Amino acid sequence: MTIIELLQVNLLSPMVLAFALGIIATLVRSDLKLPDELYTTLSIYLLLAIGLKGGVALAETSLAVFWAPALATLFLGLIIPVFAYSVARKIGKMTIADAAALAAHYGSVSAVTFAAAQTFLDAVGIRYEGFMPALVAILEVPAIVIALFIAQVAGGPQGGDWREALRELITSKSILLLVGGMIIGWLTGPRGGKEVAPLFVDLFKGALTFFLLELGMVAARRFRDLPSAGLFLLGFGIIMPILNGLLGVWFGSLAGLSVGGSTILGVLAASASYIAAPAAVRIALPQANPGFYLTASLGITFPFNLAIGLPLYYTLALWIVGGQ
Amino acid sequence: MTIIELLQVNLLSPMVLAFALGIIATLVRSDLKLPDELYTTLSIYLLLAIGLKGGVALAETSLAVFWAPALATLFLGLIIPVFAYSVARKIGKMTIADAAALAAHYGSVSAVTFAAAQTFLDAVGIRYEGFMPALVAILEVPAIVIALFIAQVAGGPQGGDWREALRELITSKSILLLVGGMIIGWLTGPRGGKEVAPLFVDLFKGALTFFLLELGMVAARRFRDLPSAGLFLLGFGIIMPILNGLLGVWFGSLAGLSVGGSTILGVLAASASYIAAPAAVRIALPQANPGFYLTASLGITFPFNLAIGLPLYYTLALWIVGGQ
Amino acid sequence: MTIIELLQVNLLSPMVLAFALGIIATLVRSDLKLPDELYTTLSIYLLLAIGLKGGVALAETSLAVFWAPALATLFLGLIIPVFAYSVARKIGKMTIADAAALAAHYGSVSAVTFAAAQTFLDAVGIRYEGFMPALVAILEVPAIVIALFIAQVAGGPQGGDWREALRELITSKSILLLVGGMIIGWLTGPRGGKEVAPLFVDLFKGALTFFLLELGMVAARRFRDLPSAGLFLLGFGIIMPILNGLLGVWFGSLAGLSVGGSTILGVLAASASYIAAPAAVRIALPQANPGFYLTASLGITFPFNLAIGLPLYYTLALWIVGGQ
Amino acid sequence: MELTTVKLVTIIAEAVLEDRLLHDLRHLGARGYTVGTVRGEGTRGIHASEWEGKSLRIETLVNAEVAEKILQHLATAYFPHFAVIAYAMDVQVVRGAKFKGGGGR
Amino acid sequence: MELTTVKLVTIIAEAVLEDRLLHDLRHLGARGYTVGTVRGEGTRGIHASEWEGKSLRIETLVNAEVAEKILQHLATAYFPHFAVIAYAMDVQVVRGAKFKGGGGR
Amino acid sequence: MELTTVKLVTIIAEAVLEDRLLHDLRHLGARGYTVGTVRGEGTRGIHASEWEGKSLRIETLVNAEVAEKILQHLATAYFPHFAVIAYAMDVQVVRGAKFKGGGGR
Ligand SMILES: Nc1ncnc2c1ncn2[C@@H]1O[C@H](COP(=O)(O)O)[C@@H](O)[C@H]1O
Ligand SMILES: Nc1ncnc2c1ncn2[C@@H]1O[C@H](COP(=O)(O)O)[C@@H](O)[C@H]1O
Ligand SMILES: Nc1ncnc2c1ncn2[C@@H]1O[C@H](COP(=O)(O)O)[C@@H](O)[C@H]1O
Ligand code: NA
Ligand code: NA
Ligand code: NA
């Protein structure tokens, strides 16, 4: 497929179109409003489903092939926040708190972007390693910890409650569901997995579509903050994921991942957290302006990755891993 | 099948029985209460699913066969509110506001009655045109606009906010989800449709059953207002859908629809709105008594159409279109 | 299978693991919190699905085989509360109200434990009579009535509103959905059942898994009351279900049930109510301490039955019915 | 514009009591009520509805006499066994007559 | 610590009015609001949003003058046709200036 | 029936602060609390929990001294960086002792 065809497959997928519908609903000021409880339910479902599927796959994976990608992922979680922080401080002239907040978001990962990547690769017909959800879990926390640590070191006592933030991070629902789901999947194996597949596998893409409808509305509400966020943030929200995506794909190829697996590691690196990071940053770095990190992560990077990033990182993976 | 058999197929379907269970739950004062959020979620789901399925079908429809039914539907949307208004004013001696409110409800359409009609025809094994959801969208708004316009002309300035009501109507969630779903379905086509079919197609009848359980409770709560609503409203709520249903079937046959398609157009004409119209009327015609229009639409016409109307309009379509 | 293998099949099933994950989430003070509305929705769904499936099966059952098990179940509903009350009074030295409250809970039944038993037997590959859900309905109410009656007779006027409690019991949502679902299933038969099977059958095990995640969190919140509940309650919560389970299996074998059916009757007898009974007891016996009956029923007996009870009662059924 | 002072009585109660409380309020002379869903903790231990996760917050605007009757009634009929608290305060409304109806029916 | 007294105006209204009411509040000089979801019953019969199951409970902290304007406006623009009630009371806050902005914009 | 006057302190805060606020309240001497879910807008921009759509409305009945301490604490520890507001008022309760416990533990 050419990149145009890939873009078309992606942009005309139900999930991207539902995201666009959500944006439109907000822009025309529709009274459409998904209940908060539905949003919460879908996000719990998606995390658990990703974990379960990954766990079942892990049960059939030799750990020998898993260590290199795991290390590569951990490494990404250490480099990206430092890189993002420097860019935000030096080029963006941001305060320590704001720069560290951005670093936490871009170093961590968005599980929904990951799910969208899986769906995209399925539609294109590309296979990927089954243990990828484990990489999501590995990438989620370290970057946030490092970013908070940078803020602590660079800024002196911050008022925020550092230790509390760390505890909440490790026991946060996204980690708990992802890792818990993986352990359940791993313990119960294919037989147990088959019992719950009608809910956790068959309905996955439909649920993701529903979720993206809501996320489109959320993202569009962030659009109105774009002007006050400024040009730097717009550029950061687009160029940062491209660079991180490239890094991720490259690390994936070094770690011996397939084209599909490298694509996904690229997506993980490129994606910005919007569940774990905001909650942790809000508590540990209350001075950081949510108008910056939420707008960048949800209003710019998420739509960019969803619409353009997925086919882009796949194309990069084809070049780098596939040698095409 | 004889009409008795048709009635039996309909009355013993899970959806009608669930509706009856909802009525019973309210009458025996059970503590059963579906969460509001579930109700909202199911109505969003149903509208989106109807739209999606219609859109995928539309992608495979030649527009040549679509224009006549579309025009016939638009025409129904212009005639029925005028007709309903006259009846309510002349025979029912209602105030301008109350008559216009009824006209808005009966001219517009109930998406759930439409979904029930599809399910009924599927159970009987009758095929219908795939583009019927587009007709739902076409029929939803015009009648409400016309009814509000009648009230404006007949009653002078009404205090209600006309323009605001119109804007809210066009951007209302039912239109947005129905039309949005159709466009998504149309753009993504059968391939994308298949990805989300486990959620949006396979679960449709079950979700409709669940929804009708709730709607049965809602309708039964309206029953206690029946005495104060009076005999006219009772008659209106039953005779109006029959006449409108006949009109709809006839227009359908003129527009070249199949027996199934004409049945559905009859159902659309016969059905009374209970999402878009109440919200618009409440804002634009606050003097109108919700005890009248909600009771007629939800407490009388909806149960009548669900239980008796569906087989009736199908029988009419057999006679008129099928020449039997 | 040996009992070790049975335990393993059970403990490594997605539903038991999800329950364990819920417990862990509470113990590590995770911010994971399922919306109340999801909990309500899932419990409505489970009750309706159990009823529907049972009703469809009942439509194909000869009533000749149904009377003996029905009578045996009714009998269990009369004996167990008297037995449980005596134990709580004599051995536990509890107040009349507290003893009667426990009797109501242990005499009645937990629909979720029933669902878990079905899932367990399915996983092991054991068949059971299709009309078992009818036995759930039969066992639910009588024990509660008897327990309240005992309290009335033993304690004189209790302040609580007895008649109101009874009315609410009979019209309670669990009875309404279970019995209503059965009637719907019975009337609509296999054809209607097939229409809604994707929602009510295929998704059942997944939904149960989700529900148990929440119930794990609920149960774990009861753990902190364990110390104040005392040793008697801990023993009661484990030994009572074993004795009742044995009784249930034995009655099942006398009534001619299969090994699977006797297992399930054992589970029903062993299980303690946590929907109908708490609500009724709270109103009719407000002096009874919820810290006792909720902790015993949800914090001790439910986890015990789920983890160990299911394979245990099945093994008992193998011995008693199967003669192995 | 003339403002009248009426009493706002707020009741926090476990959910299982909804029907009974609303019935009692009407009986004691309240002509309307508003109910919200809350959760909370107090000095009593758990209540049966706790594990279902919610309590009710009931507000009713009444005249001073009815307010006193409601508080009195709650104190005797509910405080001993149920997780219920209540408090009253003065508020200003535009049309006092709507809320100041006579006591009981 | 210095406490200032400001007015807390609470409005119970059918859900369909949300946008209009919040717009009006802003226009009359309120600088913030808090909205909760409730249900209720009053002397009027059903309102269109009833069968969708909910009303709104809107709270806004304002100065006395704005409070009076809000009550006045609700009484003329909403009370006749809509299921709306409102009441005001005095409350103490730490930083009065935040809520005591001038009237209207 | 004897009515006592106690203070009702209401706090509107972004959801992410729940645990910390409840912990602080207990520490400052509150013996109970009630929490509802709301949403709102104020003078500050968005807060991190906004896009998750909710804030908390926490009510606690306390004696005057504890009320003052709570307001004081919120003003210094939360107002600068978080979307938090709070107000206090007098209310009448039947059994004042339940809420009038000593300050802090
Ligand atoms: N001091 C308090 N302030 C606010 N709400 C309270 C207070 N004490 C109790 N409550 C509420 O009343 C309910 C019952 O309290 P209790 O009867 O003390 O367990 C609790 O769940 C809280 O919602
Ligand atoms: N006396 C009252 N006390 C508390 N809330 C009331 C009262 N009267 C009316 N309400 C609330 O205001 C809404 C509209 O009342 P009404 O316009 O009288 O039907 C009701 O749904 C209640 O939520
Ligand atoms: N004047 C006000 N009246 C009522 N609630 C307010 C007011 N100002 C702020 N709030 C509430 O407090 C939260 C935080 O406000 P702020 O810190 O001003 O952004 C808002 O989301 C509102 O829920
Ligand atoms: Na990243
Ligand atoms: Na119509
Ligand atoms: Na039992």
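Just so you know, glycine gets a Cβ as well, placed from its N, Cα and C.
Note: TrEMBL annotation is automatic and uncurated.
Note that the structure is a prediction, hence the values are computed from the model and not measured.
Quick look at what TrEMBL annotates:
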type	residues	note
TRANSMEM	B:6-27	transmembrane segment
TRANSMEM	B:65-87	transmembrane segment
TRANSMEM	B:99-121	transmembrane segment
TRANSMEM	B:133-154	transmembrane segment
TRANSMEM	B:166-187	transmembrane segment
TRANSMEM	B:199-219	transmembrane segment
TRANSMEM	B:231-252	transmembrane segment
TRANSMEM	B:264-285	transmembrane segment
TRANSMEM	B:292-314	transmembrane segment
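Fewer than three CB pairs closer than 8 A are found between the transmembrane segment (B:199-219) and the transmembrane segment (B:65-87), and contact between the two stretches is not assigned (pairs 6 or more residues apart). Proximity of the transmembrane segment (B:264-285) to the transmembrane segment (B:6-27) is not established, fewer than 3 Cβ-Cβ distances being under 8 Å for residue pairs spaced 6 or more apart. Only pairs six or more apart in sequence are counted, and the transmembrane segment (B:65-87) with the transmembrane segment (B:133-154) gives three or more Cβ pairs under 8 Å, enough to call it a contact. Between the transmembrane segment (B:292-314) and the transmembrane segment (B:6-27) there are 3 or more Cβ pairs closer than 8 Å, counting only residues 6 or more apart in sequence, so the two stretches are in contact.
Counting Cβ pairs closer than 8 Å to the transmembrane segment (B:133-154), the top stretch among B:99-121, B:166-187, B:231-252 is B:99-121.
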